[in-house]
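Colleague: Mind looking over this structure? Questions follow.
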Amino acid sequence: MALRRTFALPRQLLRPVARSSLGYYTEQRNGFATAVPPVTQDATGSKGPTAMVFLNMGGPSTTNEVEDFLSRLFADGDLIPLGRLQTYLGPLIAKRRTPKIQKQYADIGGGSPIRKWSEYQCQEMCKLLDKLNPESAPHKPYVAFRYAAPLTEEMYTQLLDDGFGRGKGGRAVAFTQYPQYSCSTTGSSLNELWKWRNRLEGRRANESVDPSGSIQWSVIDRWPTHPGLVEAFAKNIEDQLKTYPEDKRDSVVLLFSAHSLPMSVVNRGDPYPAEVAATVHAVMQRLGFSNPYRLCWQSQVGPSAWLGAQTSDTVMEYVKRGQTDIVLVPIAFTSDHIETLYELDLEVMEEANSPGVKRAESLNGSPIFIEALANIAQEHLRKGEKCSRQMTLRCQGCKSDRCLEQKKFFAGEEAASLNHPRNTGGDDPKDPAQLHVHEQTPLLQRTSEESDDEGLDTSSQDSAALNAGLWRSRTKASVFWLFPFLLLYMLGFGGAAVPKINLMVSLTCRDYLAERASSDPGFTYLPVLLGQDNSQCQIPEVQSLVARFQLYYNLVVGLLSALISPQLGHLSDRYGRTSMIAVSAIGTVLAEIITVIVAANAERVSLYLLLLGATFDGLGGSFTAIMALSTSYASDCTIPGKRSVAFGYLHGAIFTGVAAGPFLVAILMKKTHDIMSVFCSALALHVLFFFVVLLAIPESLSKEQKQRAQEKHQVKLAHQEDVGWLSMTFWNPKKIIAPLAILFPPAGRPSTLFPNRGGASPALRRNIILLSVIDTLHLGMALGTSQIIIIYAGYMFGWGNVESSIFVSIISSVRVLNFFIVLPIITRIFREEPREDLVISGSGALDVILIRVSILLDMIGFAGFALANHGSLLILSGVVTSLGGMAAPVLQSSLTKHVPRDRIGQILGAKGLLHAIARVIAPSICSFIYSVTVAVRLDWDDPRNHITETDGYREAVEDELLP
C-alpha cells in the first residue's frame, strides 16, 4: 500500500537512538538551544532566503516562567473560552494553578523541553531543505510560541531585524507543528501571527511602508496523513511493541492519546477530532491493523464538558478488565512536553501500576520525522500555494470575525469561499454597493435604491428579520420590561433633586453666615435648619455661592461621565445592555449613599463631601449614560418605524418619575418634616433598580450578537497598539473625544459607521451631524437652566421645598402627557409605513415637523422664563417648554434610523459623550452667569430698591424745607 512506502533516508540518519526513562533522546538533548542564525543579506528581489517559522503553543523552559505561561494560556479565548470574564478569570486561574504546575514541571526536570526540540527540529529541517529545494535556499529557522518564549511578537521582531520586510520583502512560511488543525491551536497561533503582522508591518505600524515590501506569508496549516508523519509514528509504535513477548505482541492495545477540546469548540464544527481520527486510521493502515486500538483524549481543564473518553479513565478501566498490555501513543504531539512526560508517564502510567502499560516514543529528534518535515515544506514551496484548501472553509458554527479576517489574509486570492453569503451581484438593484442617496428627501428618507451599508452582516440580517417577521416574534426583551423599573429609578432621581439643591443651599448658607459672623463679631443670624425655609439664606451672596458650587458639582459629574458614557456604550454592544445599565446604576447608588451621609451629619461634615458623590455618579456615567443605554435597549427590540414611540415611552418614564417624585416628596415633607426620609427613599429605589436590571430584566442582545461584536472588537485591537490605562496616550484629550469621530463619517470613503467602499453620502453625513448638534443643544439648555430656575424661583417668589417640588411635578406631568398621549397619537395618525426593502430607513417628514415645532415651543418657553414677574407665569413658561420636550425622543429616533443596527450602541454611546459634554458646559455657563449677575438682577427686582417719581419729589421737598 502507498502509505507503507518506506522513505529513502540516508543511512546515517537511520541510526537508532536510545530512549531515556523520561521519553526523549538523551544523546541529542544537550545541544537543542542553538541560537537561530540571523539573516544578514537583503531579501529584496531574490527567491531566498526563506524564513521557516515553526508555530506551537510552547511551554515554560524553567519553573519561573510558569505563571507567565499560564496567564497567556488562560487569556486565550480560542483555546479556553471563559466568556466575558476571560480577562478577569484568566489571571486568577493562572495564579491559583501556578504552584501546582510548577511542581509538575519540577518533576520532569525543571521545565519543558519543547523549545529545545522545536529549535532542533526546525534547524535540522532547514539543513535538509537547503539540499532538497535549493531554489528557495537559504532556509532560516525560527520558532514562534503562543504562550511562552520565544513569543510570536519576539519572533516577528527578529524577522524584521534580520532583513525581512520593512520594504525589503522576503518570503516566510508559517509551519504549524500541530499536524491536525484546530481553531484552538493552529487557528489561535495564526490569529496571533496575523495580529503582530498588522501591528509591526501593517498600515498602522508605518504608513510609509509599501505593502509589496512586506513579508509574503504562506501557511502549512495541516498535515494529518502525510506519509512521513505516519511512518514516524508507526516506526515508534513498532519499536515499543518489540519490547513485549512475541506471543503477547499482537494483543497489545494501542491507545492513541490526543489533547482534548471543549465540546463547545467541537460542536462549532472544529475539524480537529476528524483529523486526529484520520491520523490514527492512517497509522493503523500502515501497521496493517495488527493490534486492537482506540482513540482517547487527555488534558481536560475545568468543569465544562470536554471531548472524551479521557485517557486516564480509559487506561484504568482496561487494567481493571485485565487488559494490562497497553501502548500509549501521543498522536497529536510532535515532541515531548508536560502532556507526555508528566501526564502520561508520571500520572497515567504510575496510576495504572502495571508494567505492561508503556508509551511509544515521541517524535522528537526522529530522523524519519525530520525528513518528513522537509518533504512537507518542499512540496509546499514548489506548489506555491498560500494555504491548504481546507483552510479556506470556515467551521459551520464559526462567527469569529477575527478568524475570518486572519483566514482571508493568509489565504489571499483563495479566500473567496470565506465570505459571508450575501448578494453582491453588480447588476442587482438591491445590491448595497450600487445604492445611493436622494438629496431631496427630508432627513434622508430612503428608497429601495439606497444603502450605505455594504459589507455589514447585521444590515442584511436586519432586513431579513423584518421580512421574516422576527421582530414581532421577539417576546423576551421589550421596552415595557424596562419601563416600570426606569420609572422607579426616576422617582428616586426626581424626588431627591429639589431637596438636594436645598441641601446645597442650606450648607452653603450655613458656611457663609458662620464665616461672616467670625469676621464681624457684631453680626448675628438665625440658625440654618436643614429641610426648612430659611429666609436668611435668600440673599444674593448665598445665591452666588450656591451657583458656583453647582458649577463645580456639574463639572465633576460631567467630565467623568463624558469619559465613561462612550465606553459603556461600546461595552454594551459586546456584553449586553442590562449589564452596563447595572454598572451605571452602581454609580448612582454610591452617590446617594454619600448624600445620605452628608444629610445625616450636616452639622459635622463639609459641603464639599458631596463632590465625592458627584465623582461616583460621574464614574457610573450618571443618568445620561442610563438614558443612552436604555435607548439602545429599546432600539434592539423595536422596529425602526416605531422607535420614536418607544423612545417616547422611555422619556415618559423619566418625566413621570420626575413629575411624581417631587409630588410624593412634597406630601412626605408635609407629613414628616424630615428631609432624611426623602434621601433614604431615593437610595432604596436606586438599589432596587440596580438589582432588578442586573437579575430580572431580559437582555435585548442575543449571544450571537454579542459574540459578533466581541470578535469585531478583537479584529480592531489586532490593528492597534496596546495602550494601558496609565499611558499618556490613553488620557490624551484627542483620544478622550475620539468617540465623537463616529458622528462625522467621511463622505465617499469607508468609516466606522459605514465600512462599505463608498462610505457615507454628503447628505447622510450632514444629517447625522445636524441631528447630533440639535440634540446636544436641546439637552444642554434643559440641563443648564433646570437647577438655576429652581434657585431663582426660591428667591424671587419665596419658594421652598414644597413649592419647588410642585413646580417640577407640574412641568414633568405635562411632559408625561406629551410622551404618552400626544406623541403616540400624532405618530399613529400620520404614521409612515416602514419600507421593508431598506437597509437603513432614515427619517421622514413627520420627524422633521415634530423637531421644528418642539424647538419653537422651547424658544417661547425660555422667553417666558426671562420675562416672568410672577410665579404663575413661570409655571406657564415651564409648561410650554415641557411641550417642546417632544424633540428629545424624535431626535434620538431619527439618529438611530441613519445607522446600521449593529452600530446603534456606538452612535448612542457617542451621543452619550455629547450629552456628558453638554452636562459640563451648559450648567457651568449658566451657573457662572447666574453667580456673577444674580446680585444685579435681584437688587433691581427688589421693590425696596425702586424709587418712584412721587417718592423722589417728596424726598427733594423734604430736603429743602426740613432743617
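Glycine too: its Cβ is placed from the backbone N, Cα and C atoms.
Found this in TrEMBL, in case it helps:
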type	residues	note
REGION	415-434	region 'Disordered'
COMPBIAS	425-434	compositional bias 'Basic and acidic residues'
TRANSMEM	479-498	transmembrane segment
TRANSMEM	551-569	transmembrane segment
TRANSMEM	581-602	transmembrane segment
TRANSMEM	608-634	transmembrane segment
TRANSMEM	646-669	transmembrane segment
TRANSMEM	675-697	transmembrane segment
TRANSMEM	768-794	transmembrane segment
TRANSMEM	806-826	transmembrane segment
TRANSMEM	838-867	transmembrane segment
TRANSMEM	873-891	transmembrane segment
TRANSMEM	912-936	transmembrane segment
Colleague: So are the transmembrane segment (768-794) and the transmembrane segment (608-634) touching or not, going by 3+ C-beta pairs under 8 A with a sequence gap of 6 or more?
Modeller: no
Colleague: Do at least three CB pairs under 8 A connect the transmembrane segment (551-569) and the transmembrane segment (675-697), leaving out pairs fewer than 6 apart in sequence?
Modeller: no
Colleague: Does the transmembrane segment (912-936) come close to the transmembrane segment (873-891), meaning at least 3 CB pairs under 8 Å for residues 6 or more apart?
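Modeller: Counting Cβ pairs under 8 Å, fewer than 3, so no.
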Colleague: Taking the transmembrane segment (608-634) as the first stretch and the transmembrane segment (838-867) as the second, find out whether 3 or more Cβ pairs fall under 8 Å, excluding pairs closer than 6 in sequence.
Modeller: no
Colleague: Pairs of Cβ atoms less than 8 Å apart decide it: which stretch in 551-569, 646-669, 912-936 has the most with the transmembrane segment (479-498)?
Modeller: 646-669
Colleague: Could you give the residue numbers and ranges of same-chain residues that sit at least 6 residues beyond the transmembrane segment (912-936) on either side and whose C-beta is under 8 angstroms from one of its C-beta atoms?
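Modeller: Those are 540-541, 543-545, 547-548, 550-551, 554-555, 557-559, 561-566, 568-569, 621-622, 624-625, 627-629, 737, 739-740, 743, 772, 775-777, 779-781, 783-785, 787-788, 791-792, in sequence order.
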